[in-house]
Number of protein chains: 2
Amino acid sequence: MKLTSKIFNSHPSSDGDFFLGMKRILGFKPKSLEIYKTAFLHRSMNKKDNEGNPVNYERLEFLGDSMLGTIISKHLYNEVPEGDEGYLTKMRSKVVSRKHLNELGKDLGLLKYVESRIPKAHFGDNIHGNVFEALVGAIYLDRGYNYCEKFINERVIEPYVDIEQLEGKVISYKSLVIEWCQKEKKPFNYNVYEDTGKDELKHFAVKLTIGDRMLAKARATSKKKAEEKASKRAYFALQSRIDNK
Amino acid sequence: MKLTSKIFNSHPSSDGDFFLGMKRILGFKPKSLEIYKTAFLHRSMNKKDNEGNPVNYERLEFLGDSMLGTIISKHLYNEVPEGDEGYLTKMRSKVVSRKHLNELGKDLGLLKYVESRIPKAHFGDNIHGNVFEALVGAIYLDRGYNYCEKFINERVIEPYVDIEQLEGKVISYKSLVIEWCQKEKKPFNYNVYEDTGKDELKHFAVKLTIGDRMLAKARATSKKKAEEKASKRAYFALQSRIDNK
């Protein structure tokens with residue numbers, strides 16, 4: 001009976017849930033589920049492998065941190081040909097800052113997969129970023145470099161890496177837009193609503209109206225980010241209108 | 001006339017030499033020669049691209065440094081399952097230490113390709129390691145991750161990364177062997193000779209005789225390394241002899 005149940009439960013439903021969760025987050029199917037499980041395993045679980053070595057996400061975090069830095073480096077190298085070594089180093093450290101990684105981990109909703117004996121409420125903010133890095137390490141080992149690069153492009157670079165903002169030239173496009181509206185005495189409205197659509201992750205959409213025109217739309221994984229994205233679009237639309245005057 | 005000479009010299013002989021030199025060092029054919037040239041371009045040349053951005057090896061060094069760290073991280077992750085995050089970080093920084101990278105750059109004879117207005121004799125030791133890192137960055141951009149990993153495996157990990165030595169458990173296998181010989185009152189001899197053979201890089205071979213037996217042979221890119229490699233082999237051969245007594 002035990003053997004039969006083993007055969008029939010070779011993919012127990014919790015594994016199935018985890019598989020689907022990972023697929024949703026990764027944007028592709030994981031091959032070895034085991035390595036992703038390790039990416040969410042907190043040291044408090046005291047898990048050990050067959051040789052008695054501790055198993056938790058910390059080693060994967062070490063690996064993912066390094067891979068993340070390399071892919072961001074390549075992106076900055078290609079995007080900013082005028083930036084010297086010192087500039088690239090500074091920009092990279094902004095992209096992979098603790099604060100930024102914690103945000104990324106939160107947006108992806110990684111905490112819910114963490115296995116720990118410590119109540120999750122007791123964790124500080126860093127758990128989000130640590131597990132995010134461990135996840136990158138797991139992708140590297142499971143599917144290799146190209147999947148890592150694709151994941152980081154889609155989940156980090158495209159939605160969040162804005163060179164102008166990183167340079168501190170622009171702190172917030174939303175504040176620039178509001179400032180402009182106030183100066184020009186135009187009413188403005190950010191209409192935000194949930195719009196997950198066919199996407200696997202929760203998304204918000206925003207429509208930005210200035211005066212009586214809907215000037216920009218945007219979607220992102222948080223309200224704040226959607227507003228910022230729409231503001232950036234509106235900002236550039238407004239700039240060309242100003243230039244054409 | 002100028003046009004004709006341009007057509008006939010589209011691969012001037014200096015390019016041909018550089019191509020062959022790179023092929024020898026890399027172990028594969030470069031695709032874009034330009035990027036490898038940049039890897040050897042010192043800032044003193046004051047070269048600029050069409051947009052007026054400075055072109056020299058420093059940006060590639062930034063990129064290569066990161067990629068090198070990532071590939072070494074993966075190697076250590078796989079090789080030392082018992083090492084925690086702190087251990088892995090420490091070991092990686094030993095492998096990619098300035099001293100080690102300078103040695104690697106020297107062994108590969110990279111200095112002769114450096115283009116600089118400063119006489120090469122005026123450079124410190126770091127030029128070797130810096131250009132080595134830039135070369136890794138160039139491979140990354142020219143041929144992608146897999147070629148980088150292969151290059152680093154062949155040129156760094158296989159010949160030079162010894163976990164026991166990095167851990168400081170063994171400082172030098174040669175000194176262990178000599179100690180053993182003295183204790184056992186056995187005469188020993190390191191017979192070193194140049195043996196580049198079909199290899200593209202200069203190599204040395206060594207035959208280590210202990211008593212009247214030739215106990216180990218080894219080849220490497222320097223005398224010291226060949227001796228160390230042969231000593232390591234002899235050390236393990238001696239250990240099994242001791243154990244079998």
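Glycine residues also receive a Cβ, built from the backbone N, Cα and C atoms like all the rest.
What TrEMBL lists as active site is A:ASP65 (among others). In the three-state DSSP scheme, A:ASP65 (active site) is classed as helix. There are 24 other CB atoms within 10 A of the CB of A:ASP65 (active site), with all protein chains counted.
According to TrEMBL, the feature active site maps to A:GLU133 (among others). Under 8 Å, Cβ to Cβ, and six or more positions away along its own chain, A:GLU133 (active site) finds A:LEU60, A:GLU61, A:GLY64, A:ASP65, A:LEU68, A:LEU101.
Following the DSSP three-state reduction, the secondary structure of A:GLU133 (active site) is helix. Summarising the annotation, TrEMBL assigns Mg(2+) binding site to A:GLU61, A:ASN130, A:GLU133.
What TrEMBL lists as domain 'RNase III' is A:19-144. Model confidence over the domain 'RNase III' (A:19-144) is summarised by a mean pLDDT of 95.
The domain 'DRBM' annotation in TrEMBL covers A:172-240. For the domain 'DRBM' (A:172-240), DSSP puts the residue distribution at 30 helix, 22 strand, 17 coil.
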* Structure fact -> Across every protein chain in view, the count of C-beta atoms other than its own within 10 A of the C-beta of A:GLU61 (Mg(2+) binding site) is 22
* Would you mind splitting the domain 'RNase III' (A:19-144) into helix, strand and coil residue counts from DSSP? => 85 helix, 4 strand, 37 coil
* Structure fact -> Note on Mg(2+): the CB centroid of A:GLU61, A:ASN130, A:GLU133 has further same-chain residues inside 8 Å, namely A:TYR57, A:GLU58, A:LEU60, A:PHE62, A:GLY64, A:ASP65, A:LEU101, A:GLY129, A:VAL131, A:PHE132, A:ALA134, A:GLY137
* Asked: Of A:GLU61, A:ASN130, A:GLU133, listed here as recorded positions, which sit with their C-beta under 8 angstroms from a C-beta of chain B?
  -> A:GLU61
